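A.B. asks: Dumping the structure here so I can ask a few things about it.
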Amino acid sequence: MDHAADAHRTDLMTITRHVLNEQSRNPESRGDFTILLSHIVLGCKFVASAVNKAGLAQLIGLAGETNVQGEEQKKLDVLSNEVFVKALVSSGRTCVLVSEEDEETTFVDPKLRGKYCVCFDPLDGSSNIDCGVSIGTIFGIYMIKDKDNVTLSDVLQPGKDMLAAGYCMYGSSCTLVLSTGTGVNGFTLDPSLGEFILTHPDIKIPKKGKIYSVNEGNAKNWDVPVAKFVEKCKYPKDGSPPKSLRYIGSMVADVHRTLLYGGVFLYPADQKSPNGKLRVLYEVFPMSFLMEQAGGQSFTGKERALDLVPTKIHERSPIFLGSYDDVEEIKALYAEQAKSSSA
């Protein structure tokens, strides 16, 4: 019997154990973050289970309501939102929540308040539910200055002040990718154990990628730098092979592939959406945080995405994120345009 191999198989690094190990390095930590994260993980497990049996349980289809973004809500959207709000409030570690599905900020009852703010999209890519494409949950966590005196300004912090961010992708497997500010790690749900196990330690995005991810259906409305970049991806003039286009239409799935294989994900501003389409607090910031922690970059077309200071909870922004060199190319094209327009 191979005891060494057997020991390796049973020495599983769960997400809770991983976060506890990280927290033990901070002598001031009291375990609050671990408790909060365990409630987020529980919410992810619940939604993963609901997604797996959505067709059988008749959770697919419209719930007959429209959310704050003007999108008709899917039944699974509504359920996922309820699950995460209840999980986060019951943790006793949050004081304010921002959800993509709720028009207003949720301020937690003072008796149940903790020191964290969580901004989340409970079910990103929900328009893909019916056809079985990967969908996911995105979240970002901030520390609040004073839990007894919480205001909207506690929510409207720049992304660079984020404490942790992550997403959970519900696809062929259920994968949770997390950063607490010391790198990025990926965990896969083992259905037999009911635990997220570390399967992708210390994720690093390649410095340059071979893939670009964008909705080319919007091409006629793009500005010059975006059009030039995509043209260069398709018809490079330096003798290099063209980049491959991969676009799913679910941000979690597109960013996950970009993170693992390299390349760039683009959702630019255009004539139809001059402020971009993706929401700052619970889409742009968490994904930018993860990308930078993995060695990549994020850019809005004007500045580093994490330097943005939002003025409202459902604010939108253009976003370019991915491999360092690819985003650098996009930044150079925008700088070139700014220079020529000021000349």
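Glycine is treated like the rest: Cβ placed from N, Cα and C.
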A.B. asks: Glu283, Glu292, Glu303: which one does Swiss-Prot list with Asp121, Asp124 for the Mg(2+) 3 site?
C.D. replies: Glu283
A.B. asks: Looking at substrate binding as recorded in Swiss-Prot, which candidate out of Asn215, Asn218, Asn221 goes with Asp124, Gly125, Ser126, Ser127, Tyr247, Tyr267, Lys277?
C.D. replies: Asn215
A.B. asks: Considering the Mg(2+) 2 binding residues Asp121, Leu123 given in Swiss-Prot, which of Glu82, Glu100, Glu195 is annotated for that site as well?
C.D. replies: Glu100
A.B. asks: Are any of Leu123, Gly125, Ser126, Ser127, Asn215, Tyr267 (the binding-site residues) within 10 Å of Glu283 (Mg(2+) 3 binding site) when you go C-alpha to C-alpha, and if so which?
C.D. replies: none
A.B. asks: Just how many other Cβ atoms lie inside 10 Å of the Cβ on Asp124 (Mg(2+) 3 binding site)?
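C.D. replies: The Cβ of Asp124 (Mg(2+) 3 binding site) has 29 Cβ neighbours within 10 Å.
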A.B. asks: When a 10 Å sphere is centred on the Cβ of Glu283 (Mg(2+) 3 binding site), how many other Cβ atoms does it contain?
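C.D. replies: 27, counting other Cβ atoms within 10 Å of Glu283 (Mg(2+) 3 binding site).
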A.B. asks: Applying a 10 Å Cβ distance cut-off over all chains shown, what neighbour count does Ser127 (substrate binding site) have?
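C.D. replies: Ser127 (substrate binding site) is surrounded by 15 other Cβ atoms within 10 Å.
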A.B. asks: Is any of the binding-site residues Glu100, Asn215, Tyr247, Tyr267 within 10 Å of Asp124 (Mg(2+) 3 binding site) (Cα-Cα), and if so, which, in sequence order?
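C.D. replies: The binding-site residues close to Asp124 (Mg(2+) 3 binding site) (Cα within 10 Å), listed in sequence order, are Glu100.
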